[in-house]
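According to TrEMBL, the protein has these features:
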type	residues	note
ACT_SITE	Asp151	active site, charge relay system
ACT_SITE	His186	active site, charge relay system
ACT_SITE	Ser490	active site, charge relay system
DOMAIN	554-674	domain 'P/Homo B'
SIGNAL	1-29	signal peptide
Amino acid sequence: MHYTTTKASGILSLTALAAAIMTSTSAHAVPPMAFDESDLPTKYIVKFKEGSNARSAMTHNRFFAPNMVREAVLDKVKARKVERLGNQAIYSVEIDNSELSELRSHTDVEYVEVDPPRYLLSETTPWGYGAVNAQLLMDSDAGNRTVCIIDSGYDLSHNDLSGNRVNGSNDSGTGSWSDPGNNNAHGTHVAGTIAAIANNEGVKGIMPNQNVNLHIVKVFNESGWGYSSSLVKAIQTCADNGANVVNMSLGGSQSSRTEENALKTIYDQGVLLIAAAGNSGNTAHSYPASYDSVMSVAAVDSNNDHAAFSQATNQVEIAAPGVAILSTVTVGEGVLSDISLNGSSYFDRGVVPHNRLIVSGSNYVPAPVAGNVTAALASCDISSGQYVCGDMSGKICLTERIDNQTASARPEINAVKACHDAGASAAIVYSNSALPGLQNPFVLDNNDSYRMVSMTVDRTLGLELANVVGQAVTVSTTTGRDYEYYNGTSMATPHVTGVAGLVWSFHPTCTAQQVRKALTATATDIDVAGRDNRTGYGLINADAAKAYLDAGCNGPVGTGGDTYTNSNVVSIPDNSRAGVISVLDVARSGDAGVVSIDLDISHTYIGDLKVTLTSPTGGEVVLHNNSGGSANDIRQSYQVDFSGFESQGVWELKAVDSARRDTGTINSWTLTFQ
């Protein structure tokens, strides 16, 4: 997800099929007036019973095709904008509230649910390229992989994208996939991170040599919003076009049974699904990222610090660069800045034009200040905890950032205001010691009061500039460019997608599940020890993941770990609080460390199930917590940090079915110690 600026109400974040963007209608860390509510009309997903479960109209109208009978049911309740999802007995419709009860109670209707909105979650080598170790691998075999990008389109006229092996599909009403239109650059930015071409201009992506196959599915238009049903269709389109990896830099706060089941089906068929964790800066789940079949991606900055906007949940699986990410945008819609001293440019070090926003009606809109200023560099004093800038008349103001942006606070305007009020001609704000990496905060100039060229750099460059105070420097910000810096878990997601495709291309016989395991097993731990809700298993590492698969699709064998499997099939009692326990007697001794758990459970309606694992000395973790709704079966790999717990002894896997009717079995489960 990228950050977006829209209505002054509550809006979903790339969860409503609107990717997280940070451009004109972007999805950066959201300003106070940014979105929580979609302006899309409410739609519903209607699932009809199939086969022997359909009893009334289906049997009484045996001379008509089932879809004709279903559509007659919808006609009776005056459903509008009826759209069938593929070949399934599922429809997306608009319907008056007064007709909902009749539709829900119809004998042939299995369920009716809200069709939740989804929105976009938002040659220099971008810093993220090296951070994930993509530079250590060549993409010469990437032609055996297809990456599908579900987003707002792909600017085929862009010099850094036009030469790729790319085709695409359009969702009705969103325009051409290859011509996104104005203020719709999110998908182009995402695509650049994955596959911008190494052509001695602009930027380059994770797979830059025009080998990987790309398929673009355009589901978002300028509004940055869409429906869950659109995502369901888009996922199937990706699969139909041979996708191995699907990038979903989008999301929303509501889950959907239809969406969850569709994604699980595609994942079980061998497609790796990757989505943005969300940009709300809280601990709420975003969807589709929080479904078990999807890798949820968090964002970090260039110092590997967790981004304040990145949602932290128990579904976050991996982290990737997502702050101040430079990539391609729609031709002519970008904004770039530079600093030069004695004829030498600092552009390649990361010079980010301030993301300045002003109020227009009930919205925030981008308002970058373009210009070129040459003047003596002067420094603000912040030792008192305040910006004390003195007389900056005719100078370029350099100041350290006092307060960092958070999920709820946007204090960057204070630095710009202090420089402006001191008479400065331009401002450079550099990172503080709390967040020393490159940042890209909002400057909320509500009343359009501080029109001044301004930019931000990381702490290392800022301290270098502090050593040349008094010398003449030149700063510039230019609009009409073809590249821009964005923030968002939307920007982190394509790093993971690109690495997944790259690593998989070396070992195309491995499964999506095995590639997923390789990515998490080799991630660089960067937050608290072991897996955590902020960064998952850590920062994705392309080189390490390839090395893992070089040893075999299941990774290295016998390198300090042991594997134990229980293949005794046990039944899970229906609607029983006691549940059933399956055990493994582990002989190896010592600290358990990070343990991999592979589950194979057959059960209809897995939303009934809670599955826990307990170590011999009492460490307990919940592997599956009544999620998944009506989906069937749990065939899933997990990694859990049991550091500090003894590995030797009896491990217990407990499955509890908390509702009636649906039943199943634990078929097998495996523990692997690294």
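Heads up, the Cβ atoms here are built off N, Cα and C, so glycines get one too.
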Active-site residues (Asp151, His186, Ser490), the one with most neighbouring Cβ atoms at 10 Å: Ser490
Ser490 (active site, charge relay system) to His186 (active site, charge relay system) - Cα separation in whole Å: 9
Distance [Cα-Cα, Å, rounded] between His186 (active site, charge relay system) and Asp151 (active site, charge relay system): 7
Collapsed DSSP category at His186 (active site, charge relay system): helix
Counts by DSSP class (helix H/G/I, strand E/B, coil) across the domain 'P/Homo B' (554-674): 3 helix, 65 strand, 53 coil
Local backbone state of Asp151 (active site, charge relay system), from DSSP in three classes: strand
Mean of the pLDDT scores, which run from 0 to 100, over the domain 'P/Homo B' (554-674): 88
